[in-house]
Amino acid sequence: MRCSVLFVVSYVIMSLLISHVQGMEDQKWKKVCNLEGNFPGRCVGNGDEQCKRDLTEDGNNPSKCRCRFRAGRRHCRCIYCEVFGM
(Lines of atoms letter the chains of each structure in order from A and count residues from 1; the text may use other names and numbers.)
(Lines give C-alpha, C1' and ligand atoms only; values in the text may rest on other atoms or scores of the structure.)
Protein backbone atom coordinates (compact mmCIF):
# COMPACT_ATOMS: atom_id res chain seq x y z
CA MET A 1 0.00 0.00 0.00
CA ARG A 2 2.79 2.42 0.88
CA CYS A 3 4.50 1.72 -2.40
CA SER A 4 1.39 2.57 -4.44
CA VAL A 5 0.80 5.79 -2.46
CA LEU A 6 4.42 6.80 -2.97
CA PHE A 7 4.09 6.07 -6.68
CA VAL A 8 0.93 8.22 -7.02
CA VAL A 9 2.48 11.10 -5.06
CA SER A 10 5.63 10.93 -7.20
CA TYR A 11 3.53 10.96 -10.35
CA VAL A 12 1.58 14.05 -9.21
CA ILE A 13 4.77 15.92 -8.28
CA MET A 14 6.42 15.09 -11.61
CA SER A 15 3.31 16.21 -13.52
CA LEU A 16 3.26 19.54 -11.70
CA LEU A 17 6.97 20.06 -12.29
CA ILE A 18 6.69 19.34 -16.03
CA SER A 19 3.71 21.66 -16.49
CA HIS A 20 5.53 24.44 -14.61
CA VAL A 21 8.60 24.12 -16.86
CA GLN A 22 6.42 24.23 -19.99
CA GLY A 23 4.72 27.39 -18.69
CA MET A 24 8.09 29.03 -18.14
CA GLU A 25 9.13 28.19 -21.73
CA ASP A 26 6.00 29.91 -23.08
CA GLN A 27 6.82 33.09 -21.15
CA LYS A 28 10.25 33.39 -22.80
CA TRP A 29 8.73 34.45 -26.10
CA LYS A 30 7.16 37.82 -26.81
CA LYS A 31 5.02 38.79 -29.74
CA VAL A 32 4.77 42.23 -31.34
CA CYS A 33 1.71 42.55 -33.51
CA ASN A 34 0.96 46.23 -34.18
CA LEU A 35 2.93 48.53 -36.43
CA GLU A 36 1.90 52.18 -36.66
CA GLY A 37 3.10 55.30 -38.42
CA ASN A 38 2.04 58.77 -39.52
CA PHE A 39 2.61 59.91 -43.09
CA PRO A 40 1.77 63.06 -45.06
CA GLY A 41 -1.30 63.12 -47.28
CA ARG A 42 -4.81 61.71 -47.19
CA CYS A 43 -6.29 58.22 -47.34
CA VAL A 44 -7.55 58.42 -50.93
CA GLY A 45 -8.28 55.49 -53.21
CA ASN A 46 -6.72 52.45 -51.66
CA GLY A 47 -5.14 54.06 -48.60
CA ASP A 48 -4.67 50.70 -46.91
CA GLU A 49 -2.30 49.58 -49.68
CA GLN A 50 -0.44 52.91 -49.49
CA CYS A 51 0.04 52.36 -45.76
CA LYS A 52 1.40 48.90 -46.43
CA ARG A 53 3.90 50.31 -48.95
CA ASP A 54 4.95 53.11 -46.57
CA LEU A 55 5.56 50.74 -43.67
CA THR A 56 7.33 48.20 -45.91
CA GLU A 57 9.99 50.82 -46.73
CA ASP A 58 11.34 50.41 -43.19
CA GLY A 59 12.17 46.76 -43.89
CA ASN A 60 9.00 45.36 -42.33
CA ASN A 61 6.46 43.12 -43.99
CA PRO A 62 3.09 44.17 -42.55
CA SER A 63 -0.32 42.80 -43.40
CA LYS A 64 -3.91 43.94 -42.93
CA CYS A 65 -3.22 47.67 -42.92
CA ARG A 66 -5.76 50.32 -41.99
CA CYS A 67 -5.55 53.97 -43.09
CA ARG A 68 -7.26 56.76 -41.14
CA PHE A 69 -7.00 60.50 -41.69
CA ARG A 70 -6.12 62.25 -38.41
CA ALA A 71 -4.82 65.74 -37.73
CA GLY A 72 -4.00 66.43 -41.37
CA ARG A 73 -1.95 63.24 -41.83
CA ARG A 74 -2.47 59.61 -42.72
CA HIS A 75 -2.34 57.40 -39.66
CA CYS A 76 -1.44 53.84 -40.63
CA ARG A 77 -1.90 50.83 -38.40
CA CYS A 78 -0.89 47.40 -39.63
CA ILE A 79 -0.61 43.94 -38.18
CA TYR A 80 2.98 42.76 -38.13
CA CYS A 81 3.60 39.67 -36.05
CA GLU A 82 7.13 38.95 -35.01
CA VAL A 83 8.08 36.41 -32.38
CA PHE A 84 11.40 36.83 -30.63
CA GLY A 85 13.13 35.40 -27.58
CA MET A 86 14.12 37.40 -24.56
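Heads up, residue numbers simply count up from 1 along the chain you see.
In case you wondered, yes, glycine gets a Cβ from its N, Cα and C as well.
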Practice task
Look at the disulfide annotations in Swiss-Prot and name the partner of C81 from this list: C3, C33.
Solution key: C33
Practice task
Taking C78 as one end of a disulfide recorded in Swiss-Prot, give the other end from among C65, C67.
Solution key: C65
Exercise for the section: Count the Cβ atoms, other than its own, that fall within 10 Å of the Cβ of C51 (disulfide bond), considering every protein chain shown. Expected result: 25
Completion exercise
CA pair C43 (disulfide bond) / C51 (disulfide bond), Å rounded to integer, equals 9
Problem - Distance [Cα-Cα, Å, rounded] between C65 (disulfide bond) and C33 (disulfide bond) - result: 12
Practice task
Using a 10 angstroms cut-off on Cβ to Cβ distances, just flag whichever of C67, C78, C81 is the loneliest among these disulfide-bonded residues.
Solution key: C81
Exercise for the section: Filter the disulfide-bonded residues C33, C51, C76, C78, C81 down to those whose C-alpha lies within 10 angstroms of the C-alpha of C67 (disulfide bond); answer none if the list is empty. Expected result: C51, C76, C78
